[in-house]
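Chemist: Per TrEMBL, the feature coiled coil maps to 16-110, 184-236. Look at TrEMBL and you will find 101-173 tagged as domain 'Peptidoglycan hydrolase PcsB coiled-coil'. The domain 'M23ase beta-sheet core' feature in TrEMBL is assigned to 283-380.
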Amino acid sequence: MVMVLGLVFTVAQPMQTHAVSELDKVNQELKKLQQAMKSAEKKQRQAQATIKEAKADKERTAAEINDIMAKINNVNKEMMTTSQQIDQTEDKLRDAATQLEEATQRVESRSQLLDARLRLMYTNGFVSYLDVLLDSTSFSDFLDRVDMLKSVVGQDKDILADNKRDKALVIEKKKQVEQDLKEVKFLYVKMDQTKKELDSKEKQKEVMVASLTKQIEESEEISEDQEKQLMAFAKERARLIEKQKSFKSKYKGGKLGMPLKSPFRLSSGFGPRVHPVTGVKGKMHTGLDMAAPKGTPIYAAEAGIVIVAQSVSGYGNCVIINHGNGLWTLYGHIRDGGIKVDKGQEVKKGQKIAEVGSTGQSTGNHLHFEVRVNEVPKNPVGYLNL
Ligand SMILES: [Zn+2]
């Protein structure tokens, strides 16, 4: 049987060569187009993801810029305050310098006065002091005058000591103000540095925003480009489908190939089922039921184009092949995962297309095989070498 089928196939081949190769070409082009469309869609999705990411980045960066600008504002305010502190401290330092100068002068003049008195008393000035003493009217007056002179010198000494203490305090105070000034100035320098850092950070972020904006624009351009590509693909695909539809398959009549090549049992024939007891005619059976083990290979009965390759209610997993000239063959109850062809695919006579199963309205593993002419079911027996 297989040999005979092989012979039929070989004889039929030369007649079909031209048409089949043309159909193959159309199918290959379709497949290529589908792949190209898929890759174009993927690229577009990627571009859109890029845009989304870049937009989020841009928003984030803009928020960061706002943050930095707020920080710069704060630093500016702090710098103004610190600058005022510097001015105030410098004023204080100038005051302290004036005070120090005054204290120094006081010490100087008091010291000079004391020197003068002492010189007057103990050296050249002794005569004048003696004069003062000699002018005394009595001995007790003389003693009073001596005491008075001593006391004047003593007061001068005390005042000088006080002045020296004052001067030391002013020096201490000036030192403190100088330290304060140093600290405030250091603070200012630090703030200035912070501000410069923030400025440069802000500039960096602005550059980033600009580059993100550019990236978004470019990505959007790519998307438009790919959309155009997609439309071109779709148009080309529609054209090819039209070409495929108008293609005339080679069925010119004659026997079909057996859909099962291994042993099977005809479990139900074509036509209205008859009740086994009453003989009453029941529901019409539109095909042949061929019982065979699950997984038994199913072969295309004739060359053609697969028009259905999916689950159909009642039929379960189902394949329909269009052989041209209005002739279709149908294969039902295929096991899950047992469909081996795609919709739109061209198949050769005797090519494995599926495997026997029991999906849909079925109680056991079998192939439900139909032959239809212009969609009307015909008895397959007349088409098969049974
Ligand atoms: Zn059936």
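Quick reminder: no glycine exception, Cβ is built from N, Cα and C everywhere.
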Chemist: Per DSSP, how many helix, strand and coil residues does the domain 'M23ase beta-sheet core' (283-380) have?
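Modeler: Its residues divide into 1 helix, 54 strand, 43 coil.
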Chemist: On the 0 to 100 pLDDT scale, where does the coiled coil (184-236) sit on average?
Modeler: 81
